[in-house]
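Next up is a structure, given as structure tokens.
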Amino acid sequence: MVLMVFFSLLLSNSVSAIVLGPLENLLGKIRHTASKIFQSVTTMAAAKHNQEEDEEDSDSEEAGDAAHTFRAETALLTKVVRKLSALNEVCDHKKHDVGTERGMDERDRWVLASLEADHREGWNRYGSMDAVGDEERDLLNDTLRAQTSMAESAGLSLDLLNSWNLNPLELDRARNLAAATYFLGPHNHGLRAGASETARFLEEAERGYVKSNPYHNWFHAIDIAHCVYRLLLLCGADTYLTGVERFAILLSAICHDIGHPGVNNMYLIESSHDLALCYNDRAPLENMHAAKLFEILNNSKCDVLGQLTTTQFWEARRVAIDAILHTDAAKHFHIIKEVQMCYEMNSDVFERSADSYYTDEASFPTAQAVDVFRLPESRRFLSNLMLHIADMSNSMKPFRICRIWAWQILEEFFAQGDNERNVGLPVQMMNDRTKMNRAFSQVAVIEFLTAPLAFGAAKVLPPLGPHAAAVLQNARQWQQTWLRDAAPAPSESEREAMGERIRKLQNRYKDQVNM
């Protein structure tokens, strides 16, 4: 009997400790959260009541009192239900839609954060070098001056680095190295990286690229790093991406194609290449590129992330791997869909943001756009989008540069096609040099790949509007090149069909890009 009493007490205490205690804590949090919700509702009710009082007609005050009260309570109830529904949706899905925070005041945001248990760091982590101490800022400024001097000594003007006229294929090794060093500099992310580690990192990265590749080479890496640098700057990324995230994207740009063998994933898979076997046919190239990036960083002499905390390092690793994996061509239409979903969920915010930008470019991003962009899922999406746009940016640049890079990548495609023919594999559509007209192929690339990305992204990030316009202009240039150089000359029906494609592209631009 004594033993039964003892074990009963022990069981009771165990239940209290294991179940009742945590349950009481949970209920306490719910009561606290509920009080916040009802404080918010009370505020809404008071505001609604005051509004109704102002709008009442004094001559019919008594007669209309009941009707006004009913309408006020109905409108209030509707708002409360919508608010609770949004918060419940957040809890059910463990993450909220991109537009959920729109229109919420500070109390509402507190409720949302409480229900999400989203332990975000303070917004000051988005700041630039202004957020650091005086001593650290002086050190970072000294580094910036040294990198700027290095670029200028190599014959690179800041005007060129900050324009879309930079073409690494036209630069020598020293100037490309100076440009890459500048792109990775602290003025772009506010983090400190040792000068010797940065130099060694870039040397190892350059060594990792295959020099004989016409396209996927070190020049391409510099080109994409330049594009990411420009996108981060133009789109005001320092207001919504952390310094760690921005640095990780820039490092990813440098190594996003490192070790590329000059053939695509399909070739690797169909030929049972070691990379395809290693990564089980799942994005073998992109997985290899990400792995090589961190192989370099694992060398202490190249570790530009060595100053980061453990938490920051894992954040940088996640961002870098995810961004590189999203350069896989198989992810392209998924990214376009994400862009479209992001816009549709926040169309009113982005429409106002675009109107503001086209009135005053310095106004972007607006406070409302920043609120959307700072959401965790938005930051992941934008980090991947920045690198993917950069990797697809050839057709968004001045035609002179666009044409040079197009010729380079087509030459690499044709070399792969020659290999496919030699080993008995089917020659992929873009790879047959005997059948493919270069200019004609580039119209198709723009029409089906680049334009949907550029037009959609410009609606979310208005500073990309000029690049969307460049895509359309380059399509016209390729059309003219095809008409002039095609042999045999295009027939009248072929000319009309091409003209119709360009007109449709122009109409899509007018419909989708708010210029």
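Yeah, the Cβs are placed from backbone N, Cα and C, and that goes for glycine too.
According to TrEMBL, the record shows the following:
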ACT_SITE  His216  active site, proton donor
BINDING   His216, Asn217, Trp218, Phe219, His220, Asp257, Asp391, Gln442  AMP binding site
COMPBIAS  52-64  compositional bias 'Acidic residues'
DOMAIN    132-485  domain 'PDEase'
REGION    45-65  region 'Disordered'
SIGNAL    1-17  signal peptide
Can you name the residues of this chain that are 6 or more positions from His220 (AMP binding site) yet have a C-beta less than 8 Å from its C-beta?
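Once residues fewer than 6 apart are set aside, His220 (AMP binding site) is near Pro168, Asp257.
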Give me the Cα-Cα distance between Gln442 (AMP binding site) and the residue listed as 'active site, proton donor', rounded to a whole Å.
18
Can you work out the mean pLDDT of the predicted model over the domain 'PDEase' (132-485)?
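Taking every residue of the domain 'PDEase' (132-485) together, the mean pLDDT is 95.
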Looking only at Asp257, Asp391, the binding-site residues on record, which one has the least crowded Cβ, with the fewest other Cβ atoms within 10 Å?
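Comparing Cβ neighbour counts within 10 Å for the binding-site residues Asp257, Asp391 gives Asp391.
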Using Cβ-Cβ distances, find the residues under 8 Å from Phe219 (AMP binding site) that belong to the same chain and are at least 6 apart in sequence, listing them in sequence order.
Pro168, Leu169, Asn176
Cβ-Cβ under 8 Å from Asn217 (AMP binding site), same chain, 6 or more residues apart: which ones?
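Once residues fewer than 6 apart are set aside, Asn217 (AMP binding site) is near Tyr209, Val210, Lys211.
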For His216 (active site, proton donor), list the number of other Cβ atoms lying within 10 Å of its Cβ atom.
24
Between His216 (active site, proton donor) and Asp391 (AMP binding site), find the distance joining the two CA atoms and give it rounded to the nearest Å.
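With distance taken Cα to Cα, Asp391 (AMP binding site) is 11 Å from His216 (active site, proton donor).
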